[in-house]
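Participant: I grabbed these lines from TrEMBL:
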- 14-47: repeat 'WD' (REPEAT)
- 345-399: region 'Disordered' (REGION)
- 361-370: compositional bias 'Basic and acidic residues' (COMPBIAS)
- 428-443: repeat 'WD' (REPEAT)
Amino acid sequence: MAADARPAQPKAILRGHKAQVHAAVFVRGNDRLLTGDADGFVVAWDLTIMRPRAVWQAHGNAILGIAAWGPDRIVTHGRDNKLIVWRLTPEDETRLSTKLPLDPSLETRPQPWMLHMLEVNTMNFCSFSHCPAPPQSSPAASFEILVAVPNTLASEAIDIFHLPSQTRQHTVKLGENNGMVMAVSLFHQAGSSILTLVAGYENGVAAVAQLGSSSNSVWAVKYRSQCHSQPILSLDISPQKDFFLTSSADALISKHPLPIVSPPPPRTNNPETVQQQQQPLKTVNTKHAGQQSLRIRSDGRLFATAGWDSRVRVYSAKTLAEVAVLKWHSAGCYAAGFAGVVSESESEKGSEAEAPPLQEQEGHGEDGELKGGVVEVGGEKEKEKGGAAQARGGGGGGISREVTVVPKLVEMRVREKRVRQARTAHWLAAGSKDGKVSLWDVF
């Protein structure tokens with residue numbers, strides 16, 4: 001019983017950022033954790049060994065958000081008024097620096113290949129949101145995306161850009177006197193191609209709008225609620241796209257409905273004239289002000305927040321009840337992120353598909369581990385046979401000795417086990433003002 005009463009401890013602490021951590025995102029099936037800090041640095045952590053694989057300065061100011069675009073592209077959003085798309089493949093990582101921002105370096109760290117760059121507004125401290133341009137079932141979904149960011153001139157409006165064309169397709173303003181846009185989410189409504197925009201504002205209002213048919217291209221406000229008394233800090237959409245959650249500078253967390261798909265409204269220049277829902281499904285006073293970076297786990301069961309009081313809180317997505325409080329950091333937490341929930345069978349399929357050829361695993365690993373394959377004995381190279389190599393002394397003296405080496409297959413299994421553990425762990429990452437990232441395995 002005493003052991004059960006002990007507070008939870010993180011599985012790992014990732015040290016290396018010199019400034020506060022503002023973003024934490026899992027990519028590539030949980031193989032990598034990307035973290036971004038207030039100095040504009042991005043670190044790609046290999047979760048199989050808990051070490052950096054790539055470090056570069058993506059922006060000249062603080063990172064606001066990071067997201068994956070397909071398996072080989074990363075989107076970063078910085079306070080230097082830039083949104084940049086980078087190519088980051090495993091091969092690209094080998095050409096990048098692994099020297100962490102905390103380590104002094106006289107040399108400039110190389111950057112990945114820059115594919116696109118947008119000049120955007122970052123006055124709001126509002127991170128971008130993106131979704132596939134066509135519905136996700138379309139073959140072109142992985143090649144085209146839509147990106148939502150606050151408007152460059154009017155901070156209460158939202159611009160939607162298309163990539164890779166880098167053209168602005170929509171400017172959306174969901175009402176008057178809401179103040180600045182503080183959080184956005186853009187997605188296609190479940191089971192349809194209806195483009196849906198969710199926004200949280202400086203005055204505590206949350207609003208949902210849907211784009212009509214292509215013939216009229218009207219954004220209609222379907223939901224609007226004054227759910228908070230302070231600025232909304234973060235919001236997230238459920239995996240089934242049937243509700244969304246908001247957190248604020250006040251102590252409230254609200255659960256809101258997402259409107260079902262309905263026929264497009266008649267053409268109008270005033271989106272406020274459309275009949276709207278007004279009430280959230282549920283609101284809970286957590287008594288802990290300043291919870292941000294709200295993230296819902298991919299199975300829809302849990303969500304987490306990063307708190308100004310240095311604690312990470314985990315809640316039930318169904319009841320909004322607090323189920324865990326994770327305390328390790330000594331300063332406020334600014335970022336939280338869940339790994340995707342991956343089953344053992346899915347992980348095995350992924351590791352089989354991505355396992356490198358045997359010859360690529362020969363030699364010594366990063367930690368000096370012998371990988372097998374070619375062994376040097378007495379200055380002579382001999383290939384292992386059956387997990388053992390025999391080396392005979394010169395001059396035909398008949399003296400022989402056996403050197404047992406670790407077979408390649410055994411080493412592959414060790415590596416696959418590490419990959420499987422990294423992919424299937426229920427990771428929750430938290431980034432803090434202290435520059436550290438705590439990694440928790442929860443529920």
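Cβ atoms are placed via backbone N, Cα and C, with glycine included.
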Participant: In terms of Cβ proximity under 8 Å, which residues at least six beyond the ends of the repeat 'WD' (428-443) contact it?
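Facilitator: Result: 8, 10-24, 26, 33, 35, 37, 45, 47, 50, 102, 301-302, 304, 306, 310, 312, 314, 323-324, 326, 328-339.
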Participant: Count up the helix, strand and coil residues in the repeat 'WD' (14-47) according to DSSP, in that order.
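Facilitator: Per-class counts: 0 helix, 20 strand, 14 coil.
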Participant: Just to confirm my parser: what is the rounded mean pLDDT across the repeat 'WD' (428-443)?
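Facilitator: Value for the repeat 'WD' (428-443), mean pLDDT as a whole number: 95.
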